[in-house]
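Swiss-Prot has this to say about the protein:
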| type | residues | note |
| --- | --- | --- |
| BINDING | Ser294, 352-354, 369-377, 391-394 | UDP-alpha-D-glucose binding site |
Amino acid sequence: MERAKSRKPHIMMIPYPLQGHVIPFVHLAIKLASHGFTITFVNTDSIHHHISTAHQDDAGDIFSAARSSGQHDIRYTTVSDGFPLDFDRSLNHDQFFEGILHVFSAHVDDLIAKLSRRDDPPVTCLIADTFYVWSSMICDKHNLVNVSFWTEPALVLNLYYHMDLLISNGHFKSLDNRKDVIDYVPGVKAIEPKDLMSYLQVSDKDVDTNTVVYRILFKAFKDVKRADFVVCNTVQELEPDSLSALQAKQPVYAIGPVFSTDSVVPTSLWAESDCTEWLKGRPTGSVLYVSFGSYAHVGKKEIVEIAHGLLLSGISFIWVLRPDIVGSNVPDFLPAGFVDQAQDRGLVVQWCCQMEVISNPAVGGFFTHCGWNSILESVWCGLPLLCYPLLTDQFTNRKLVVDDWCIGINLCEKKTITRDQVSANVKRLMNGETSSELRNNVEKVKRHLKDAVTTVGSSETNFNLFVSEVRNRIETKLCNVNGLEISPSN
């Protein structure tokens with residue numbers, strides 16, 4: 001046992017190749033390194049290429065500044081996702097995910113084998129994104145402690161975890177899914193089908209659930225049940241029921257919010273604009289921040305209605321519009337003359353440092369797609385949300401924001417949106433009685449987030465317990481291996 005304890009634990013971390021997953025992985029890596037772990041952080045070549053193109057000064061190693069500022073042992077490497085850099089992963093979504101499903105694991109396997117021959121200390125633990133289907137296979141082969149990192153709310157994990165119940169009760173994967181309230185999932189008091197993740201809202205009559213996305217879902221949420229530990233980017237006090245239901249099944253630790261307000265690690269896939277000068281001198285809480293995240297697409301018709309609605313509202317705004325927000329092959333999507341009409345009242349940028357902008361006192365609300373990182377950051381900064389979910393977990397996240405925590409409002413109940421809806425709801429969010437109620441509620445949720453990460457808070461306590469348990473499991477595995485090696489001579 002003493003020999004095992006003398007070896008520094010070495011964790012390999014592999015986020016899913018999407019910016020919203022990379023960000024919490026980066027911050028967890030830094031935190032684990034500060035607790036004495038050696039970290040090897042693995043990005044895909046494609047993700048690294050986008051980051052290095054956007055941040056020319058950090059083109060080689062995104063953790064170089066973090067290492068020099070904190071003396072952390074974080075090593076950085078990249079691996080192919082099976083496609084050339086110029087392959088359009090956005091336009092060829094299904095083909096890309098076929099590669100992630102079938103090819104990517106072989107590259108990870110080769111990397112671990114190479115590192116085990118070369119690195120000191122050897123890799124002893126894998127922290128992989130829950131959406132990977134091969135984590136258990138890799139960990140079994142290389143005798144690694146298996147940790148699954150869930151970057152979304154516990155409610156979403158809990159629903160995916162119990163897909164078998166949704167199927168057997170006819171709410172998912174049925175020819176004509178039931179439309180009544182779902183009240184039989186452990187830890188979920190009641191949820192309507194419209195609040196399920198978008199992948200679970202479809203029936204077999206509408207969609208082929210044998211496609212690659214569904215094969216990934218079915219395999220990933222079977223594989224997570226084999227993990228030694230699951231860590232979640234959420235807070236125990238915000239989702240006690242879902243977390244308790246999951247914790248009854250296996251070791252699950254709520255360690256969120258996993259982000260940093262002053263990160264030195266570049267994670268953006270696009271060059272960032274500095275909005276500080278534009279915000280300077282604007283009245284407190286007068287600016288609406290609008291962003292629909294790093295992944296989801298919005299139709300050109302919807303972009304046009306949102307643009308006109310923002311102008312009609314009379315509210316000042318910063319609108320983050322990725323170049324591929326409509327599609328990588330649709331460069332022009334704003335209505336003619338929009339930027340001129342907005343004049344000094346509106347700023348349009350392709351990307352920015354979100355935390356830097358929304359923490360500015362001039363910003364008073366967030367018009368969002370309901371990505372989980374954006375929700376956590378918005379609450380941290382005390383901003384109410386105008387919710388326009390687009391896909392996957394965002395519909396379920398909206399339920400938490402609007403129905404459970406009462407810190408946001410819906411943009412619309414149907415998929416079709418109008419400029420009048422946008423204008424009216426922007427004004428509701430930013431001013432008046434509804435706005436005041438939302439801000440009071442946000443402050444309560446914000447206290448839960450900030451209390452959780454204090455030295456005696458639930459997330460910090462859970463993190464320290466997780467670290468201790470991982471160390472113990474690594475030591476046990478190393479001792480078992482050493483025991484097997486020396487047993488013939490006994």
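Quick reminder: no glycine exception, Cβ is built from N, Cα and C everywhere.
On the structure: features taken from Swiss-Prot.
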residue	record	Cβ contacts under 8 Å, 6 or more apart
Ser294	UDP-alpha-D-glucose binding site	Leu18, Gln19, Gly20, Leu269, Arg322, Gly371
Gln354	UDP-alpha-D-glucose binding site	Tyr289, Ser291, Val320, Ser374, Glu377
Asp393	UDP-alpha-D-glucose binding site	Glu152, Pro153, Val156, Met197, Trp372
